[in-house]
Amino acid sequence: MNQTRVFLIFAWLMVAALLWMEWGKDKAPANAPTPIASQAVPAARDPDAAAPAANVPSAQAIPQAGSPAAVPATSTTTATPATTGAAPAITLTSDVLRLKLDGRSVLDAELLQFPQTKDGTEPVKLLTEDAAHPYNATSGWASERSPVPGVGGFRAEQPGTTFELAKGQNTLVVPFVWNGPNGVSIRRIFTLQRGSYAISIKDEVINKSDAAWNGYVFRKLSRVPTILSRGMTNPDSFSFNGATWYSPQEGYERRAFKDYMDDGGLNRQITGGWVALLQHHFFTAWIPQKDQASLYVLAQDGPRDVAELRGPAFTVAPGQSASTEARLWVGPKLVSLLAKEDVKGLDRVVDYSRFSIMAIIGQGLFWVLSHLHSFLHNWGWAIIGLVVLLRLALYPLSAAQYKSGAKMRRFQPRLAQLKERYGDDRQKYQQATMELFKKEKINPMGGCLPLLIQMPIFFALYWVLVESVELRQAPWLGWIQDLTARDPYFILPVLNIAIMWATQKLTPTPGMDPMQAKMMQFMPLVFGVMMAFMPAGLVLYWVVNGGLGLLIQWWMIRQHGEKPSKIIQANAK
């Protein structure tokens, strides 16, 4: 049987299987997890200091910070009783973010540049107080024996509840303070930058009491995962949903919400890393100081999945101060903005694959795609341009693949004679076949290797188109006004069916089993149905790729002295 045909069947079936596996992955509804009892967790004054987790180490495992600094003599911080009662919610607004916070937790976060729907005005709400699926980011302090701020403990230093980045300003700075008993205070500064989704949160502990103060900072992301609808009509279910983290030693790792505690609570001390919660196109992340170690913990708190950093811990002597700073990212997976953060491994949140080699291929493809967009100013034309460049680059492999298949077809009559000569003696038939291949210098796998080299590239391109938030709600032309939504009139899927059908007719199939031939007739229809509900950008890729493949097939047939009309007639028999 024609080797090109065999591996074309294999490729199509493999694509279908992988697509179905990826659709089924990470989107099954997760049952509400059973709360896990705390084990050896520091008895903090703050009731929410640390989420319960299995096998959590004792307070001694929290990384210790460096030596604190002396409090400047000019400091005018005075000791006041600990604040009681809930602090009023504060709203911070930049050109890209609107945050609702209480000084300790970011309760709501709206992404002002990203509407929920193509024609809508409501922005995407990434963090939310929604009762069914709450999702927030918290930075607090915990201690076994020293006073720490609890919920509502931080108060804005400036009057008012609304702070907005003014025109002409690039930075919005809003300070908060907690005044504890006996002269201990913690000053917290929120800083928002124009055009940035990274929020700087800096804490300074000032001890003007007569005793040493001990405590550690914790930063956590907590959410009740949204149950994603099953099926091809929901692009959000294509993507990875869960926690990811990075360490210089182990690199990028991830844990899906549906398998959140299957491998335990992590409990790993890391310096120079970060932790994040991912969903389709958007994510939140805590990025601590590169030189300060934290204990990374995954936990479940009732129905909530928690990703948390604990530490560093501080011992602040009387008259001393200590500080720590972290960035909270609340926003899209925009490659250009992630690069500006200069955080190692953060580009992996654009989750092209959990495998490094596939992620590298995906990053390279997006680099080309983004440069094409900067020239063409349209993501649809950029996709077409990328496919054309890929086809040109892979043309030598396609030529080698077809050449190998053409050579095999020329020897089909001799193979048929060998089969007739040796009848049911498969061993002698195979031995004679291999001798023929050796004599005529035929590589039976010659059509396979080029295909195997191309497949990782096309798989990576598939995930580039799924994952890239840059394509979200981007138009192409005419009826395609959103490349991440399905084709409203199914024009591209129908074109895809026609191209696949024509490709089948132009693919020589000498000696193909009648049952296999009948199965192959249904492949265009099967793929057409699958593509009908996929994002239009993906279907556009398949249509252009298939159309160019059809032209190359026609050209190769003529180059090797074969006639397309004869192949079509042979396949029709």
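The first residue you see is number 1, and the count goes up from there.
A Cβ is built for glycine as well, from the same backbone N, Cα and C atoms used for every other residue.
The annotation transmembrane segment is assigned in Swiss-Prot to 6-26 (among others).
Among the features that Swiss-Prot reports, region 'Disordered' is placed at 63-82.
Within the chain carrying the transmembrane segment (355-375), a Cβ under 8 angstroms from the stretch's Cβ atoms is held by residues 251-252, 335-336, 347-348, 381-383, 385-386, 389, 456-457, 459-461, 463-464, 467-468, 470, all 6 or more beyond its ends. Among the features that Swiss-Prot reports, transmembrane segment is placed at 355-375 (among others), with the record citing sequence analysis.
According to Swiss-Prot, the feature transmembrane segment maps to 379-399 (among others), an assignment based on sequence analysis. Long-range neighbours of the transmembrane segment (379-399) within the same chain, counting only residues 6 or more positions beyond its ends whose Cβ lies under 8 Å from a Cβ of the stretch, are 365, 368-370, 372-373, 450, 453-454, 457-458, 461, 465, 470-471, 474-477, 480, 483, 537, 540-541, 544-545, 548-549, 552, 556.
What Swiss-Prot lists as transmembrane segment is 446-466 (among others), and the listing cites sequence analysis.
Sequence annotations record features per position, and here Swiss-Prot assigns transmembrane segment to 488-508 (among others) based on sequence analysis.
Residues of the same chain lying 6 or more positions beyond the ends of the transmembrane segment (524-544) and with a Cβ under 8 Å from any Cβ of it are 12, 16, 19, 231-233, 235, 379-380, 383-384, 387-388, 461-462, 465-466, 471, 474, 476, 480, 482-487, 490, 492-501, 504. If you look up Swiss-Prot, you'll see 524-544 (among others) marked as transmembrane segment, on the strength of sequence analysis.
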